[in-house]
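Chemist: Here it is: the structure, laid out below.
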């Protein structure tokens, strides 16, 4: 069964019918389309999962710093083992004047000295929040939680109390602020109603409904309950402890601190330096979310490139589709390396540095790693499958290109340049859109956008660039196929305009900061510029190829603009022979006469190798013959003054150096690799002359 004949029973539009015909052209094209669709679905699901993991981690850390009010319009910057917060965009990335949030202790320096050096940023940054909270109502932690607790008790003893009814379990009790006012001077630890009006809980992942009632039942249960109910409540409590993360923000000695409990960890205290240091991983996770969104869009683009390759039956498009799979594999490897570096820096600066051993993202690393490894494994398998299918499609589409443009080498070369330009335009379009979109997102949804000096100018020029991409794509796409000189001129001018605008952006300090501190953005920007430059060069080459005959080959079935005659349509040509099938070998002499070199020619009769054999013609001297043989022709000696040659020569008068044989004569041919001899038999004494 031929797949090209498998068509829907209902009538389809012409465009849809063309798409269906190209996809089902052969088993190979159908297999390539199915492979592209399956790869797209699986990769899309993996990338959405990776984005969800990053979003949950970023939401957790953002909630902590938002509740503790330890964020402002500053840019976190990590240089080695020093974390700084810059409230302005430094010129040439000179961050030496920016305040230090955390710095790893050097050799011979104690951790206490480093803490005293880095705590000044947190103290100075919380002055405004402390003054704002001093006018609000404050409460003191209750001193009776199953026992007497002093006012100056530590946070861990004031917030968490070991349970007497559970073994190897810890019950976390959150105490709201008391309505009665207490002298602030008598308390070293207080909960500020401005910072945290009520205890807040931030799920990671979300908790199940009804946890509070279950905890109340656990607290109000009698000691006489049976072991089965205790086990059930204990299992439920362990589920809450493993999945729920609770945060309590308070103020102590003029600094904002937070208590973290749940998620399978004992209650821990985060001081001001730790809370301010969380701004750096939040910025990294936000950028990683943007990268995941770009990679999700990249999957749509890979599928589109594969479909376009089938529609155009183009070898360059097939190579471009293979290149996209290689790029996807390289990017998946880069993601694993980026996550590993981020984990190492996070452990050194945040977990084991500013936060003093508190692990805030215990489950993030494993889940993210599993998703990235699965994506890389699938990309590697897909890359090898794509290589095999590309090799098979090149053999198929090579014959299709020959049918489209003919056998002229010049036309084929011009046609491949035109296809390469269309590929470069498609690649450039994706990377330009990604680069400009990331830059716009930085201006609207990032801290650096608020610090930009010419924010309005950047936004306007970015939107204009996105708007000009549509005419840039259309002019380049149609100008090369229809040899339109004016649209090609506009295409080249828009390409130069983008290259010039990209170079001008480096005068902006904001753009340079984003380009240097965000590697993904710099890669996308450089790729867009390189592909735009390649499109410009190929466009110039195609412009010089205008008028060399490509338009007549591409529009062989259409009337040309310069022709005056109408376009006629004929019926089916009965003498038209279809091209050979693409799934069968092309007929050759070896197919007709057997494999060489033993039998490279058809079998010959006895007259060709046996000189004594009877010829096909009957001699005129034979009895009963009524035909008189003509005399042999006499020619001049062509070898006068020359060496003897076995090859036939022709005179300058375009005459023949030999006469055709007659019925009365026959020739005996001897075949060899070096010469061709001929001997004539004479049956008459008369002579004939050949006039030259």
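Glycine too: its Cβ is placed from the backbone N, Cα and C atoms.
In case it's useful when we look at the structure, here is the feature table from TrEMBL:
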type	residues	note
TRANSMEM	28-46	transmembrane segment
REGION	109-139	region 'Disordered'
COMPBIAS	111-139	compositional bias 'Low complexity'
REGION	190-234	region 'Disordered'
COMPBIAS	211-234	compositional bias 'Acidic residues'
TRANSMEM	293-311	transmembrane segment
TRANSMEM	373-394	transmembrane segment
TRANSMEM	414-440	transmembrane segment
TRANSMEM	460-480	transmembrane segment
TRANSMEM	487-508	transmembrane segment
TRANSMEM	520-542	transmembrane segment
REGION	647-666	region 'Disordered'
COMPBIAS	651-666	compositional bias 'Low complexity'
REGION	671-692	region 'Disordered'
COMPBIAS	677-692	compositional bias 'Basic and acidic residues'
Chemist: If we call contact 3 or more Cβ pairs under 8 Å (sequence gap 6 or more), are the transmembrane segment (520-542) and the transmembrane segment (373-394) touching?
Modeler: no
Chemist: Counting only residues 6+ away from its ends, which parts of the chain sit with a Cβ under 8 Å from the transmembrane segment (28-46)?
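Modeler: 3, 22, 296, 299-300, 302-303, 306-307, 310, 321, 328, 371, 374-375, 378-379, 382, 385-386, 389, 392-393, 396.
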Chemist: Considering only Cβ pairs under 8 Å, which range in 293-311, 373-394, 460-480 makes the most contacts with the transmembrane segment (487-508)?
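Modeler: So the stretch in question is 460-480.
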Chemist: Any residues 6+ beyond the ends of the transmembrane segment (460-480) with a Cβ under 8 Å from its own?
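Modeler: Distant contacts of the transmembrane segment (460-480): 418, 421-422, 425, 429, 432-433, 436-437, 439-440, 443, 487-488, 490-491, 494-495, 497-498, 501, 535, 539, 542.
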Chemist: Report, as numbers and ranges, every residue of the chain located at least six residues beyond the transmembrane segment (293-311) whose Cβ falls under 8 Å of a Cβ in that stretch; write 'none' if there are none.
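Modeler: Distant contacts of the transmembrane segment (293-311): 18-19, 22-23, 25, 29, 32-33, 36-37, 39-40, 43-44, 47-48, 51, 317-318, 320-321, 324-325, 328, 331, 393, 426, 430, 434, 438, 520, 524.
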